[in-house]
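Trainee: What follows is a single structure, and I will ask about it in a moment.
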Ligand SMILES: [Zn+2]
């Protein structure tokens with residue numbers, strides 16, 4: 001302990017540590033030094049210690065920050081541009097032309113900052129992203145203070161960012177070099193999907209991931225059509241192909257995994273694959289219902305993501321964990337499927353474990369980093385409060401998130417962002433609107 005006691009002491013009416021399912025501590029405090037949780041103190045203990053700074057949250061829940069396990073942050077700039085379309089119409093006539101015209105460093109930086117402001121305001125402390133122009137994404141992460149996983153997309157076809165798979169990889173590794181010393185920024189390899197990446201490229205990705213000790217982030221079995229096409233054209237389902245290519249391992253974060261048979265669930269469990277479940281995106285694009293209860297029962301680690309703003313359209317993790325709890329019940333016709341505490345654990349510790357940082361964040365425990373959020377339950381919508389876990393999952397809105405810390409650093413205090421300037425973000429977004437509509441100056 002330092003001479004002055006602690007840097008920061010946060011006391012809250014309720015605390016949800018997420019270490020033990022359903023556990024709630026009342027009137028406890030978290031003592032923090034240098035961004036690390038030193039101890040959890042009861043009221044008597046906390047009154048007796050010195051702290052440089054004290055934060056009292058008298059009608060709040062203090063809990064681990066939410067981990068958004070699958071997103072495309074910069075797509076906030078395309079939010080609401082085209083909705084309720086068939087997937088191919090949406091992509092070919094709306095999203096791809098807009099991306100071809102505009103996606104570059106400035107688009108990614110501005111879009112990612114906008115996304116991060118939204119995510120912080122909703123209690124998200126970690127984002128696992130996948131897009132292009134990774135240096136811009138990493139700089140946005142550093143500017144916002146969020147824990148940022150920058151997914152280096154790999155495709156076989158050209159975009160603004162690269163011409164072919166080798167160039168996607170080499171350019172990403174070059175951009176990664178600048179950020180290797182940054183504790184809060186981590187690059188991952190993100191082969192887009194089995195239907196957009198060749199066997200040869202998947203093999204290169206696996207080799208590179210092992211050499212460089214990197215995670216792999218990939219869209220897998222999102223739609224029935226993708227599984228059916230592969231079965232018809234390659235005579236095997238995508239997951240079997242990925243297994244043969246050596247992709248299935250604890251390094252892999254498989255986004256979606258909506259269409260799985262019993263053997264594939266077993267396969268994911270056996271290989272330690274983590275799943276990023278995106279309930280709202282799966283509903284909006286009519287992809288289907290991921291078999292989350294069966295995955296959990298098989299022992300698969302499952303986290304929760306929002307997917308991009310063009311296919312959700314909110315980057316609202318509280319809404320997402322409510323949807324995860326509800327969709328599991330509809331999918332199984334079982335109201336006991338994915339109870340509130342399970343949804344909360346997926347959105348915190350589940351995401352952290354998938355990212356290989358389960359020993360560092362995702363729950364409140366001595367020795368972990370202080371990635372914490374507070375949610376104010378003193379509202380019409382959440383009174384009276386019998387069970388704070390139930391309220392966080394089923395009743396509270398993201399506007400009730402009051403405070404956010406990453407590694408002990410405040411990113412939001414009493415609803416005010418400390419690292420980002422909301423006014424500037426709004427002005428920038430308005431400028432992008434003009435540019436995308438073709439009214440602004442071409443860059
Ligand atoms: Zn996605």
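Numbering starts at 1 and runs along the chain as displayed.
Glycine too: its Cβ is placed from the backbone N, Cα and C atoms.
Bear in mind that TrEMBL entries carry predicted annotations, made automatically and left uncurated.
Per TrEMBL, the feature domain 'Amidohydrolase-related' maps to 61-409. The Zn(2+) binding site feature in TrEMBL is assigned to 70, 72, 219, 307. Summarising the annotation, TrEMBL assigns substrate binding site to 99, 192, 222, 307.
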Trainee: My understanding is the cutoff is Cβ-Cβ under 8 Å with a sequence separation of 6 or more in the same chain; which residues meet that for residue 307 (Zn(2+) binding site)?
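Mentor: Residues satisfying the criterion: 70, 71, 72, 255, 278, 280, 281.
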Trainee: In which DSSP state, out of helix, strand and coil, do we find residue 192 (substrate binding site)?
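Mentor: Assignment for residue 192 (substrate binding site) reads coil.
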Trainee: List the binding-site residues 99, 192, 307 whose Cβ sits under 6 Å from any atom of ligand 1, in sequence order.
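Mentor: The ones that qualify, in sequence order, are 307.
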Trainee: What other residues of the same chain, not counting 70, 72, 219, 307, have a CB atom within 8 A of the CB centroid of the Zn(2+) site?
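Mentor: Near the Zn(2+) site, beyond 70, 72, 219, 307, sit 71, 130, 255, 256, 276, 278, 281, 305, 308, 311.
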Trainee: Could you say which of the binding-site residues 99, 222 has its Cβ with the most other Cβ atoms inside 10 Å?
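Mentor: The residue with the densest Cβ neighbourhood is 222.
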Trainee: Taking DSSP three-state, what's residue 219 (Zn(2+) binding site) in: helix, strand or coil?
Mentor: strand
Trainee: Other than its own, how many Cβ atoms are within 10 Å of the Cβ belonging to residue 72 (Zn(2+) binding site)?
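Mentor: Total other Cβ atoms inside 10 Å, all chains included: 26.
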Trainee: Whole-number answer please: how many Å between the C-alpha atoms of residue 192 (substrate binding site) and residue 219 (Zn(2+) binding site)?
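Mentor: Cα to Cα, residue 192 (substrate binding site) and residue 219 (Zn(2+) binding site) are separated by 6 Å.
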